[in-house]
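As recorded in TrEMBL:
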BINDING   Arg160, Tyr162, Met190, Ser191  FAD binding site
COMPBIAS  36-48  compositional bias 'Low complexity'
DOMAIN    101-215  domain 'FAD-binding FR-type'
REGION    34-64  region 'Disordered'
TRANSMEM  70-89  transmembrane segment
Amino acid sequence: MIRYGQFNHALRRTLRWKGAARACLEQRTPWVSNIHSPTRTTHSSPTPCRQRHEPRRYSNATQQHKQTRAFHPIFILGLLLGGTAYYLATPSRKSSTLNSETFIPYTITSREAISPTSVILTIAPHHPDPSPPYLLPGTALWRHTLWSVEFKQPEVQIARHYTPLPPLHGEDPADGRLRFHVRAIGRGEMSNYLSRLGVGRDVWLRGPHAGFDVLRRLGSQSQVVFLAGGTGLVPAMQVAKAVLDSSDETTVRLLWAVRKREEVQSCPAVATSWWNLWAGKNPAELPADLESPSHVAAHLREMKALYGDRLSVRVAVDEEGTQFRERDIRQAITAPTNPPFSSTSPSQGCLFHDQQLHEKASEFEKLGGACLCPTSNAAQPGKNLFMISGPDGFVSHYSGPKVWLGGTLTQGPVGGVAAQLQRRCPSLASDWLILKL
């Protein structure tokens, strides 16, 4: 073992050797530096520079040597103290269960292809959590009406939000498994990466991240119309389950637009689809006896069987010429309800019910906040909800584009088909809240 005196003596010898070597190098090398110069400069002759700095170099050699001897131990001590303080002040980053700060590994346990570009991925955590953060403590109920997690693409270090499918009937969400509907799109770095992964591969998640507090916005009202494009159906299914479970008087009408029939039916293409046989070129209701339903369609059918007439699902297929037009949305919004709709007249200035204030709002919001609407009798202030989810072009067409504001993607003004409906149906502007996802 080296004693303190031996170590101190060796350190002084090392520092003296460094000082001597530096002085030697300075005598042989012109004093030229381009580090702080905005342009690179070439000196044709080093003599003027050497003469200008030479006296200072030799006169201060002893002083520089002493400063060097004092500087090194102090510098090392500062690094040690600073590193220790940072380590103690920084929270642990080794959490093994899902959280909103760090990415946690999950393993793909199932991969079901729906179409050449769409898959259902089921994933399970490496370390099961007896109390997942997305469940209410001690229950199998989701904590948030609308929520998502982030997936990380480790190859290019990007992250994207994905919404998990609600659990199937009889599933125990406490086991930690989550299911996602992923569709590879164009140059989508994340969607293409996830769609290529097979069973046994790991993915990295962070979350949960809460979305709009749908129940608080709905209040005592009873109508939700959700227009979904492609995989935008998943948040629609989240919302439908939450609001239908919360009240027996709530009704949900889902309008699902897909590109190809194979998103709904897992069968070879035929000349005429089942909904064209019934409805011509109009969207049609998803039948209870649909043959060869896709994973998502089977899940929808199960939900329809559970909630009955309170849940309606209409489908439009782009490749077969059916789409949701203004009249389809108007019919969904103005459909009669039981019990009849009664307005609670939410006030302006409420973050939950004022459409204009939502223009600068993000769909990812902090929990809490107070509703500023006046209460009357036992009715809870609220508005019916018209929600739109899907690709950017889909959302822009039906409700106007979302807007980047200060680095945050906000709702932006209501536009597109929804704005036309507001002008033609004043009740949509006064009694309904339009939300873009």
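Cβ coordinates are placed from backbone N, Cα and C, and glycine is handled just like the others.
All features noted in TrEMBL, drawn onto the structure.
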| residue | record | Cβ within 10 Å |
| --- | --- | --- |
| Arg160 | FAD binding site | 16 |
| Tyr162 | FAD binding site | 21 |
| Met190 | FAD binding site | 20 |
| Ser191 | FAD binding site | 22 |
8 Å Cβ shell about Arg160, Tyr162, Met190, Ser191 centroid, FAD site members excluded: Phe151, Gln153, His161, Val182, Gly188, Tyr193, Leu194
